[in-house]
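Below is one structure, written out as structure tokens; the observations come after it.
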Amino acid sequence: MTRKQKRLAIIGGGMSFIVAAVLLVMFAFGQSIAYFYMPADLEKTPVNPGTRIRLGGLVAEGSIKRGEGRTVSFTVTDGEAKVPVSYTGILPDLFREGQGVVTEGMFDAATHGFVADSVLAKHDENYMPKEVADRLKDKGLWQQGAEGAAPAASAASGDKTGATK
């Protein structure tokens with residue numbers, strides 16, 4: 001091999017290595033990214049079953065149903081739409097109706113419901129996950145109180161008017 005051929009072989013090998021590394025990084029990120037949706041977003045842009053997402057909103061009043069073992073089903077709402085959620089596991093201590101929640105999982109094509117593998121609840125009376133709070137503010141379903149921020153009463157009950165008292 002001449003010097004020119006050696007140089008081209010080294011450059012070609014280096015470029016191949018860089019392309020392979022970039023493709024591996026893109027593949028790894030593609031597997032771990034979970035986009036955030038509110039229930040109303042899912043009505044506008046349906047998600048393919050098996051696609052991993054984060055679903056946020058409020059736990060609808062009267063929707064928590066305990067099943068066999070540690071299985072719990074409940075409904076997540078943003079005041080406009082509702083999504084049934086099924087979760088098997090131990091729920092956070094602060095999980096309850098009318099409170100903010102972010103679930104992560106996938107849609108099940110057979111049941112047409114959301115199957116969560118993790119559930120996050122707000123950790124005190126003044127906290128709501130930023131994504132959920134921003135979306136509720138955009139929809140007019142957020143009330144700011146003297147004691148701190150809280151979801152509007154109509155949002156937890158699924159009232160579509162968004163009116164606060």
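Glycine is no exception: its Cβ is also placed from the backbone N, Cα and C atoms.
According to Swiss-Prot, the protein has these features:
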| type | residues | note |
| --- | --- | --- |
| TRANSMEM | 8-28 | transmembrane segment |
| TOPO_DOM | 29-165 | topological domain 'Periplasmic' |
| BINDING | HIS123, TYR127 | heme binding site |
| COMPBIAS | 145-158 | compositional bias 'Low complexity' |
Worksheet item: Residues of the same chain, at least six outside the transmembrane segment (8-28), with any C-beta under 8 angstroms of its C-beta?
Response: 1
Discussion item. Looking at the topological domain 'Periplasmic' (29-165) alone, can you tell me the average pLDDT?
Written reply: 77
